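Record features, source TrEMBL:
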TRANSMEM  C:7-28  transmembrane segment
DOMAIN    C:67-256  domain 'ABC transmembrane type-1'
TRANSMEM  C:69-91  transmembrane segment
TRANSMEM  C:103-122  transmembrane segment
TRANSMEM  C:128-146  transmembrane segment
TRANSMEM  C:188-211  transmembrane segment
TRANSMEM  C:231-255  transmembrane segment
DOMAIN    C:290-533  domain 'ABC transporter'
Amino acid sequence: MLRHLVRFVLSLAALLVASFAMIHLIPGDPVRAALGPAAPVELVAARTAALGLDRPVLEQFLVYTGNLLTGDLGTSFLTGEPVSEVIATRLPNTLTLAVLATVVALLAAVPIGMWAAIRTENGRGRGTEAAFGSITGTAVAVPEFLYSIALVTVFAIGLGMFPPAGKAGPESFVLPIVALAVGPIATIARISRVETLRELGTDYVRLAKAKRLPATRLYLRHVLPNTLTATLTMGGLLLTALIASSVLVEYVFAWPGLGLKIVESITQKDYPVAQGVILVYGAIVLLVNFVVDVVLGLLDPTSAIKET
Amino acid sequence: MNISRLSVRFGAFTAVDEVSLEIGPGRIVGLVGESGSGKSSLAKAVSGLVPYTGSVTGAGRVQMVFQDPYASLDPRMRIGESVAEGLPRMPKRERAGEVARLLELVALPAELAGRYPRELSGGMRQRVAIARALGASPGLLVADEITSALDVSVQGAVLNLVRSLRDTLGLSMLFISHNLAVVRYVCDTVAVMNKGRLVEHGPTEEVVADPRDPYTRTLLASVPRLVR
Amino acid sequence: MPRTPSAIVSAVLVALMVVLALIGPPLWGEAAERIDAAAIMQGSSPGHLLGTDNLGRDLLARVLVAGRYSLLLALAATAVGAGIGIVLGALPSVLPRRGARLVTGLVNALVAFPGLLLAMFTAVVTGMGARGAVLGIGVAIAPGFARLTQTLAASVAGADYVKAARMLGVSRPRILSRHVLPNIAEPLILHLTQALGGALLGLAGMSFLGLGVQPPDYDWGRLLFDGFARIYLTPEVAIGPALAVALAGIGFNLLGDTLARRAARTAAPGAPVAPPPAAEASEPVEGAVLEVRDLTVAFPGGVTPVRGVSLTVRPGEIVGLVGESGSGKSLTAAAIGGLVPYPGTVGYAGLRLGGRDIAEMSRKEVGTGLAMVFQDPMASLNPALRVGGQLAEVARVHQGAGRKEARRRAVDRLGHVHLPEPEKQAGRHPHELSGGMRQRAVIAMGLMGTPQLIVADEPTTALDVTVQRQILRLLREVVDDSGAAALFISHDIAVVSELCDRVVVMYAGRVVEELPVERLADGAVHPYTRALVASLPDMETDRSLPLASIPGTQPAPADVGPGCAFAPRCALATAGCAQERPPLTPYGKAHEVACWEAP
């Protein structure tokens, strides 16, 4: 537990340094790059001074860290809005989407994977195995922005069943969630199948079969709990991956989340916003991983001994 | 060769606790004990595979033969290449001759040099591993449970080989096994380990017939015997 | 390569990609650049199947031409990622301990980071454009390579053959080039294929967001970016690039799957064979607890590990089933328990428990009447469930006991197998128990019902001798107390001679001799049994004589000929032995042997 906490804090520190360094790694003068070659020298100088970019690097870093601790992430080059406010209004939209998609993906994928494992145990059901392999292999290989475009074209523009863009009522969530979840469902179903197959080969499952336990009890009580560790780990990775891939989905659906914002800020060279959003993204990823580690530690009956 | 006050620690756990043991030239010393007794850690320490405190002197080069005949040969190397690994630099033709000689020493046909490990049975692989170790002209051969993965019907041949190598080459050996009957058959002296400590060491017949340590007695009483 | 549909599809798609990259620009390059002011922003038409762009250029031609650039960028990004990743992954094996840990920690942290975030970070720093996107995607796929290299190198470096090479004084670079690299190259190349597909999709994504390739250059992602802007009016203009990206992704991904399957070398099992023709149903033997008549287990491809095995176990008796690895003894046990894995098929003339066909007994009757114990006590209990709960299951499922009653019975049975403080052990998880205690718990689990038969498959092989002694004693006690009978499967004839009443010896799937245990040491007749006894060193073996051993090896289940399977290794064998198989025939009282040359 302590080990996880130390690692989490260290990673946060590294992330902080990385996000600070981002602006400084930009070749040339970032302010000049943002304002364009036509901007007057005085304006560039004034903006540079306002951002504190003319100070020694160490001092800048301390100021940056200090500001962060008070919740100050700087202000947008373009709109003058505080970055923290931008994030506060947009983050919930992104998180809702990612969390819902994760839940949908896990709920759909674990039963599919278990079913496929039971159907293909020891190489039986070769047709099922081939079909499962090709379908999931194909589903994984198509990126989420293509699903998004296809869904928009067919269900929103073509059939008019769902709104094509923006966040409104519950129906506006359907297409983005489906687009986000299809690939992960395939990935997790594969993992769930492999894990279940491994469990089905263990001696304790053989023993449970020899005891002639009913199938539901065998699968739900003996197999499922032992596959959860891997599934949960995946769930954590998945949530973070979905937060990232929501960038593309938000872009297609014009979803007012952080993803859309980061694309805008990069294209418009609005560095304070890009820096702030990437920092928040990174922090969420680290936090999710930390929580997953802790939960896994609490769930695993063998870890109680290892820790003491 | 002399092992003096050798200890192996993994973190707070002491696997081997101040063990001193002497292995005379041309002698086979058996090391018995149950799982967790520290016998394998001692073997690894003597072979230089794990860090230890204390001293190992007078052994020259130490070579080891491992338990699992399926893991100890590189699956992508021909038998001849594996056996030649321990040989000093020499011209190619001479090298092939050496490999043939080593294979003959472990009673394997020289044609085997061109085969891959997957084409060999467990007993044959174990002989190849022994031949490879012999190529380095070791001062001490450490055999770590080398027959416990083999069937009884092929075990005998490997044990006979071990004894004949001692007789013909004067090879010194540390022979580790959990099987007391095997150790009794092969070894000149027997050392018994329990919980990291050496509890008894003496000539085989003496230890088997008249064990001093209560743990040795328990161990001996537990050995399954063919009811006659 | 396996000819599954997905393997063929992937091969075709990837081949098309390569061909397109080669011939696309020379064939359609001109058409893709031809500006036509009269045909600006058109939808699909016979002249322009996929429409035209804002300068009136033909979009189909542009899609076909963009293949080369898309593929080249993906190759570049993969090269960057593989380069960085493999170096990062190899570093820990050359750096001093602290540095190694630092690099490992960094890689672990980066692996958990979504690639797109790393790519965006890089894109901010390097600015928009193809170069930035290639670097970004390269950085994004590097951690995966690093992690893979690291785990592969660590697993190979820990292998016995590398330890052996180190002890032989083989130099580090030589170990790296001769042992480590060849053994990790295959999985790395496999990962390269998948990474290439990933890079292609990642770059398409970056360009689609407007962060990658910038005009006047164009890749598929950029074409999609332009097409997407017009999706409300002419959705067909997005079809071309979208389809190209999807097909390329699918091609590489399925190719990766195919290669992975081939690398795993899992030979697909054939279809199950029809159960071997059973002899006519036999008459039940009076009073037998277990009766096996002509049991055969067959797998596809003529593999028959168990061939016509017959044996009988009577009440209160412990019968030893002895044989070496591959003799079919464990599959015999599995067949009795109904546990032969697919695609194995079981045929018999009789398989009866207490005089009744096991196949016709209810789940409850088998679940309570037959107890099984396996070799590895570490694997026989479910790590996620408490010991008491696992025991109580039988009582709850088959005997309708309530939660409390089932638990009380579980604790009682744990006490019965002499587990100290059974109440406390019942509340523990299996990993908190020692190996011997776990095996006791498994035996107790078998006693939850009212077992007629205990089938124990090498139950003491994984245990220390002192613990083995205790478990053997317990088994005898349980049999004597409960009136159950036992079938004890073992490779160790010394153990069998101590525990069992009768011994059945198996070789290459058949029973070769069955005899009372008293006769095992001196009265065995079959040359194989005699050789087994002679080759077993025990505490009385004459140390001055060489130990007996049997030349050659037991034939694999697919290679058993028509004659006596032991003939090639047998000193007494005559020419006739290899031709005709000797039947199992009585040889004195309660003794049967299958040998032509038996004295």
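Note: Cβ is positioned from N, Cα and C throughout, glycine not excepted.
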- Given the transmembrane segment (C:231-255), which of the listed stretches C:7-28, C:103-122, C:128-146, C:188-211 has the most Cβ pairs that are under 8 Å apart from it? C:7-28
- Query: Per the definition of 3+ C-beta pairs under 8 A with sequence separation of 6 or more, do the transmembrane segment (C:128-146) and the transmembrane segment (C:69-91) touch?
  - Reply: yes
- Message: I need to check the long-range neighbours of the transmembrane segment (C:103-122): which residues 6 or more away from its ends have a CB within less than 8 Å of a CB in the stretch?
- Response: 88-89, 91-92, 95, 132-133, 135-137, 139-144, 146-147, 150, 198, 202, 205-206, 211
- Query: Taking residues 6+ outside the transmembrane segment (C:7-28), which of them lie with a CB under 8 Å of any CB in it?
  - Reply: 1, 61, 64-68, 71-72, 247-248, 250-255, 257-258
- Excluding the flanking five residues on each side, which residues at least 6 beyond the ends of the transmembrane segment (C:69-91) place their CB within less than 8 Å of a CB in that stretch? 17-18, 21, 99-100, 103, 106-107, 130, 133-135, 137-150, 153, 188, 192, 195-196, 199-200, 202-204, 213, 217-221, 244-245, 248
